[in-house]
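Written out below as structure tokens is the structure these notes cover.
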Amino acid sequence: MNLHEYQAKELLRVAGVPIPPGEIATTPEQAEAIAKKLGTAVMVKAQVHAGGRGKAGGVKFCPTPEAAKEKATAILGMTIKDLTVEKVLVTVAADIASEAYVGIIVDRATKKPVFMVSAAGGIDIEEVAATTPEKILYHPVDTRYGLLPFEAMRMGFFLYQDVKLARQAAKIMQQLYTAFMSAGCSIAEINPLVVTPQNELIAVDGKMVIDDNELDRLPQIAALRDESSEAPSEVDARNANLTFIKLDGNVGCVVNGAGLAMATMDLVKYYGGDPANFLDIGGSSNPEKVVNALRIITADPNVKCILFNIFGGITRTDDVANGIVTATKANPLKVPIVIRLTGTNEELALQILKENGFSASSDMDSAVQRAVELATKGGAA
């Protein structure tokens with residue numbers, strides 16, 4: 001679950017991280033009033049779950065309250081990566097002497113949180129990792145002990161030679177770690193961490209991604225979800241208990257099991273196609289899941305072909321076949337469908353599909369190739 005910048009900053013503030021004052025506005029008049037209240041130059045920042053807000057025109061410097069109103073008028077209602085901006089953060093504009101990056105991710109190999117720190121802040125850390133990896137220090141944290149003071153100081157001195165700044169940075173890293181753990185994050189970052197002309201550190205921007213598996217035990221964090229800033233298809237899928245991530249391709253994928261779903265997407269790319277989504281119907285033998293999956297995928301106008309890839313274990317292939325038949329009878333497909341299934345009750349599934357005008361294959365490679373071919377032709381058989 002993604003948090004907005006203002007939500008992430010509030011969690012950081014509670015943990016003790018120094019944050020510029022700011023408030024949320026949903027109208028230009030509110031933005032102007034907040035700027036007057038802050039009494040200094042401000043930044044007006046679009047609050048949507050999308051990167052590249054600045055490049056899209058969603059982050060503006062405003063020297064006066066009148067400018068804040070003007071920029072908020074332009075930003076509110078604008079679309080950034082298919083998401084409509086409904087609120088802006090009006091925050092004090094920081095004087096910047098230098099910028100650094102401090103972040104924490106989860107390393108799935110070591111099963112530990114890992115700090116990433118770099119003096120090259122203010123830009124995407126992925127870009128730094130690709131072009132100048134020596135500028136990044138990685139530091140895993142043993143969760144039995146947490147981030148120890150000497151570890152934090154080591155990272156602080158990696159960023160700053162000045163002892164005062166290194167100590168400030170070390171303290172902020174410990175506070176960031178506290179926020180990361182208490183909110184159930186998979187990602188938490190401050191970018192940039194700014195040195196002001198007064199030689200003080202302040203977190204100008206913050207990002208947090210919450211592990212969905214943590215939400216049941218953290219209802220106060222789950223309450224921060226903003227479905228209006230999520231893709232409608234992902235909200236629909238979550239309500240239908242489907243694991244779904246929307247992508248930009250044209251091959252709609254319906255698969256059971258996360259591993260097979262990722263392998264299917266890899267094969268689609270291998271054969272020259274682009275997957276339109278990641279969709280895992282899970283191990284349930286519930287035809288309704290297939291009905292919901294088809295409904296969600298067919299709502300995407302970019303999808304030119306639908307690919308089913310089912311390996312029947314716990315999932316019975318005849319239930320999947322019945323789901324396909326039920327869904328297509330209720331809403332006839334406007335794009336071709338390619339079905340690959342094998343495993344539990346395979347013969348019965350093939351019979352059900354054949355009786356209803358569908359053909360299916362047990363070979364994954366040929367099915368994926370056919371789906372890519374059809375999608376490339378724009379859905380024409």
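We number each residue from 1, going along the chain as drawn.
Even glycines carry a Cβ here, placed using N, Cα and C.
These come from Swiss-Prot:
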type	residues	note
BINDING	Lys45, Gly52, Arg53, Gly54, Ala94, Glu99	ATP binding site
BINDING	Asn191, Asp205	Mg(2+) binding site
BINDING	Asn256, Gly313, Ile314, Thr315	substrate binding site
DOMAIN	9-236	domain 'ATP-grasp'
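Sequence features annotated in Swiss-Prot and their locations in the structure.
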residue	record	DSSP (3 states)
Gly52	ATP binding site	coil
Ala94	ATP binding site	coil
Glu99	ATP binding site	strand
Asn191	Mg(2+) binding site	strand
Asn256	substrate binding site	coil
Gly313	substrate binding site	coil
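The binding-site residues in question are Lys45, Arg53, and the one with the fewest Cβ neighbours inside 10 Å is Arg53. For the pair Thr315 (substrate binding site) and Ala94 (ATP binding site), the C-alpha distance works out to 55 angstrom. DSSP assigns Asp205 (Mg(2+) binding site) to coil in the three-state reduction, placing it in neither a helix nor a strand.
In sequence order, Asn191 are the binding-site residues from Asn191, Asp205, Asn256, Gly313, Ile314 with a C-alpha within 10 Å of the C-alpha of Glu99 (ATP binding site). Neighbour counts were taken at the CB atom with a 10 A radius for the binding-site residues Glu99, Asp205; the maximum falls on Asp205. Taking CA atoms as the reference points, Arg53 (ATP binding site) and Ile314 (substrate binding site) are 44 Å apart.
Neighbours of Asn256 (substrate binding site), defined as other CB atoms within 10 A of its CB across all chains, total 27. The most crowded of the binding-site residues listed here (Ala94, Ile314) is Ala94, judged by how many other CB atoms sit within 10 Å of its own CB. Binding residues for ATP (Lys45, Gly52, Arg53, Gly54, Ala94, Glu99) extend across at most 20 Å, taking the greatest CA-CA distance. DSSP assigns Lys45 (ATP binding site) to a strand.
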